[in-house]
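Visitor: Pasting the feature list from Swiss-Prot:
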- Cys6-Cys36: disulfide bond (DISULFID)
- Cys14-Cys33: disulfide bond (DISULFID)
- Cys22-Cys54: disulfide bond (DISULFID)
- 4-54: domain 'Kazal-like' (DOMAIN)
- Asn43: N-linked glycosylation site (CARBOHYD)
Amino acid sequence: VATVDCSGYPKPACTMEYMPLCGSDNKTYGNKCNFCNAVVDSNGTLTLSHFGEC
């Protein structure tokens, strides 16, 4: 199972670095920062499906 350590999030701004992750909502997130901010917003219901685009 793929996991991402989201401790230290949310962050107020994310870089434009493109290292895509696919969330359990079947949405592609551009990088770990964008994904982890969304995880925090979802109150932990969003998880990582896999690395790379959905």
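Even glycines carry a Cβ here, placed using N, Cα and C.
Keep in mind that what you see is a predicted model, and the values were worked out from it rather than measured.
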Visitor: Helix, strand or coil by DSSP: which one applies to Cys14 (disulfide bond)?
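Guide: Going by the DSSP assignment, Cys14 (disulfide bond) belongs to neither helix nor strand, so it counts as coil.
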Visitor: If you run through the domain 'Kazal-like' (4-54) with DSSP, how many residues end up as helix, strand and coil?
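Guide: Per-class counts: 10 helix, 9 strand, 32 coil.
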Visitor: Can you tell me which of the recorded positions Cys6, Cys22, Cys36, Asn43, Cys54 is spatially closest to Cys14 (disulfide bond)? Compare CA atoms only.
Guide: Cys36
Visitor: Tell me the Cβ neighbour count for Cys14 (disulfide bond), meaning other Cβ atoms within 10 Å of its Cβ, over all protein chains shown.
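Guide: Its Cβ has 17 other Cβ atoms within 10 Å.
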Visitor: Distance between Cys33 (disulfide bond) and Cys6 (disulfide bond) at the Cα atoms, whole Å?
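Guide: Each residue's Cα considered, Cys33 (disulfide bond) and Cys6 (disulfide bond) end up 8 Å apart.
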Visitor: If you draw a 10 Å sphere around the Cβ of Cys33 (disulfide bond), how many other Cβ atoms fall inside it, taking every protein chain shown into account?
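Guide: I get 19 for this one.
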Visitor: Most Cβ neighbours within 10 Å: which of the disulfide-bonded residues Cys22, Cys54 is it?
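Guide: The residue with the most neighbouring Cβ atoms within 10 Å is Cys22.
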Visitor: Using all protein chains in view, find how many other C-beta atoms are within 10 Å of the C-beta of Asn43 (N-linked glycosylation site).
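Guide: Asn43 (N-linked glycosylation site): 7 neighbouring Cβ atoms within 10 Å.
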Visitor: Give me the non-local Cβ neighbours of Cys6 (disulfide bond): same chain, 6+ apart in sequence, Cβ-Cβ under 8 Å, ordered along the sequence.
Guide: Lys32, Phe35, Cys36, Val39, Val40
Visitor: On the 0 to 100 scale, where does the mean pLDDT of the domain 'Kazal-like' (4-54) fall?
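Guide: 97, rounded to a whole number.
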Visitor: Measuring Cα to Cα, how many angstrom lie between Cys54 (disulfide bond) and Asn43 (N-linked glycosylation site)?
Guide: 22
